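Positions annotated as transmembrane segment by Swiss-Prot: 46-69, 135-158, 175-199, 273-291, 330-353, 369-395, 417-439, 517-535, 575-596, 643-665, 707-727. Annotation comment: Swiss-Prot describes CYS559, CYS568 as [4Fe-4S] cluster binding site. Annotation comment: Swiss-Prot describes HIS654 as chlorophyll a B1 binding site. As annotated by Swiss-Prot, chlorophyll a B3 binding site applies to MET662, TYR670, with the evidence given as sequence analysis. The phylloquinone binding site annotation in Swiss-Prot covers TRP671.
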Amino acid sequence: MALRFPRFSQGLAQDPTTRRIWFGIATAHDFESHDDITEERLYQNIFASHFGQLAIIFLWTSGNLFHVAWQGNFESWVQDPLHVRPIAHAIWDPHFGQPAVEAFTRGGALGPVNIAYSGVYQWWYTIGLRTNEDLYTGALFLLFLSAISLIAGWLHLQPKWKPSVSWFKNAESRLNHHLSGLFGVSSLAWTGHLVHVAIPASRGEYVRWNNFLDVLPHPQGLGPLFTGQWNLYAQNPDSSSHLFGTAQGAGTAILTLLGGFHPQTQSLWLTDIAHHHLAIAFIFLVAGHMYRTNFGIGHSMKDLLDAHIPPGGRLGRGHKGLYDTINNSLHFQLGLALASLGVITSLVAQHMYSLPAYAFIAQDFTTQAALYTHHQYIAGFIMTGAFAHGAIFFIRDYNPEQNEDNVLARMLEHKEAIISHLSWASLFLGFHTLGLYVHNDVMLAFGTPEKQILIEPIFAQWIQSAHGKTSYGFDVLLSSTSGPAFNAGRSIWLPGWLNAVNENSNSLFLTIGPGDFLVHHAIALGLHTTTLILVKGALDARGSKLMPDKKDFGYSFPCDGPGRGGTCDISAWDAFYLAVFWMLNTIGWVTFYWHWKHITLWQGNVSQFNESSTYLMGWLRDYLWLNSSQLINGYNPFGMNSLSVWAWMFLFGHLVWATGFMFLISWRGYWQELIETLAWAHERTPLANLIRWRDKPVALSIVQARLVGLAHFSVGYIFTYAAFLIASTSGKFG
């Protein structure tokens, strides 16, 4: 018999039903479960696939550069970043005739184009790119890296070049190389690029390979470095009247500590950014020399972890046994990596708008909104993934003997306390927050808005004040605002920081009030509930009081028959599945809050947010309905405009989202009956019955149908909000 898909599982390949195809796709990347897999092949396959991943990333970023160079308007955008709309790429075939062609021909283009809301124009401009030729060069370089990555991936699958398992498990060498090489050297290289290329470009100096060695980034060259007069590099920074990209008002400093924003670009000072990367490089280069490898000096990870035993003996054996547990479990390592990356991605969302690093991006409101929302959603998916792999670790890799009485074992032993406390926190937050919103809603509905319960977030305002924000008047607590102590306290802050934090036109430390207090607690409810579901899923993955032998059923079992009082919906996979809905829900609240607060800030009517955000009808009417007006006006006498495509996507997103429920709220019997009826009709229809198939059609399993439903729900939800966000923001601000 010819080899059938999937080749990695002979059992599945012989399945006579369509289950073969779906289960084959579902387990294609679960290398551990494949036939003939060994630990060595598992590590080697994953290692090689990383190079493939890198190749795809380099190809994709190369495509961004290439399409902007070919079809974009980068050179004209550089001349006037605030008024020219950046073009992402052309639209080959604008449907719906001449009106569509006219609607989508903008940004100075000759034909229909898409506008870029990704911030790449601002990024490339900030790092010193100025011409289409620069973009093409970058695209070619990334293509070259992509090819190198593919070759490396192929090479490391050849017998001679396959690394051994011991190489993969050499934690100290990997730490040293990743800390020094990945973070240290790359940060140092980036500092070099900023100092040698980007900062000169911001001062009107065009540095490329042909004059790279002739143009000194600083008038005194390396002199101050070798004579120890490093402060000279910070003297004479760009003035507040500096015009970015020109020599007008430019200084000579390359490494500064100014704080705050460049007045014209509203972004962080490039010289501050270079200084930051140099400091990061120094720290990581040192950190990458701390672990013991061939030279017998430095820390051993195993010794470090084994030494971490809490004194007094009341907290067990601390980190004993963790080294082997983590080093031998890919799921544990992936869980840690995803948890870290998820947090960092959310921090990127937060910092990209509050402390913008790229020139003029703060004035491109649609891009700001798109980037914030994008990074928060990505963070949500990555963080839920961390718990999924944590649960798989407990099922497949956790060894109770090896971890006796250490922190891992103790987490499992007192899991009831953890889960019940999280549950209590979620219930408290949910009922109190909803209670306040509903009370305020009713007061508005009955025409007595003065009876709302409005709570000032005094602790958050105090924290903002402690960081130099003066508008709340917390200095009323001081005996004197002109004393030496007060003045000395002001000098702690960088001068630019105090200006920025008290300037109401940026997004740094936004002024907050009762509406913020409420939505903050709604978001806290979402975060705690999502965490509750995820933590419970991982801690109960091995077993619970109801089902002590759960680990024997694997990660994603649907049910264990009719016994035990019902065991459906309690696999670790089910917890992940439920948590994703809560995650999406939470990020919905986060992005609604961010977007509405910023729309009112940018339009100069912050009182709309402040007054309407304290009750539910305000959110529904003054945020969602008011801002979706351009998307739901259907056919009108004015025909097509450039928002029409978003209106269509808004509708389509709702359709995809609603389709999710078809899979989520119906069970296998319905689908099996439907499929058999369709197959019966097919076999009796002339012409159609010439097409035959070998696999007997069967319905998706319960778990698969849930996955399909979840995928439609998630994709539809995000599509819908993306269309709403981009259309409502670009409709107002361009």
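Just so it is clear, glycine is given a Cβ too, placed from its N, Cα and C backbone atoms.
Features per Swiss-Prot, on structure.
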{"residue": "CYS559", "record": "[4Fe-4S] cluster binding site", "DSSP (3 states)": "coil"}
{"residue": "CYS568", "record": "[4Fe-4S] cluster binding site", "DSSP (3 states)": "coil"}
{"residue": "HIS654", "record": "chlorophyll a B1 binding site", "DSSP (3 states)": "helix"}
{"residue": "MET662", "record": "chlorophyll a B3 binding site", "DSSP (3 states)": "helix"}
{"residue": "TYR670", "record": "chlorophyll a B3 binding site", "DSSP (3 states)": "helix"}
Problem set entry | Set of same-chain residues at least 6 away whose C-beta sits under 8 angstroms from CYS568 ([4Fe-4S] cluster binding site) | PRO558, CYS559, ILE702
For this session: Within 10 Å of each Cβ, count the other Cβ atoms and name the one among the binding-site residues TYR670, TRP671 with the highest count.
Result: TRP671
Seminar exercise, completed: Quick note, MET662 (chlorophyll a B3 binding site): same-chain residues at least 6 apart with CB under 8 Å of its CB -> GLY709
Seminar exercise, completed: Rounded Cα distance, in Å, between the residue listed as 'chlorophyll a B1 binding site' and TRP671 (phylloquinone binding site) is 23
Problem set entry | Winner by Cβ pairs under 8 Å against the transmembrane segment (517-535), considering only 273-291, 417-439, 707-727 | 417-439
Problem set entry | Listed stretch, out of 273-291, 330-353, 575-596, 707-727, that has the most CB pairs under 8 angstroms to the transmembrane segment (369-395) | 330-353
Seminar exercise, completed: Most Cβ pairs under 8 Å to the transmembrane segment (175-199), of 273-291, 330-353, 575-596, 643-665, 707-727, goes to 273-291
For this session: Determine the Cβ neighbour count for CYS559 ([4Fe-4S] cluster binding site): the number of other Cβ atoms within 10 Å of its Cβ.
Result: 15
Exercise. Just counting, how many other CB atoms are there within 10 A of the CB of the residue listed as 'chlorophyll a B1 binding site'?
Worked result: 15
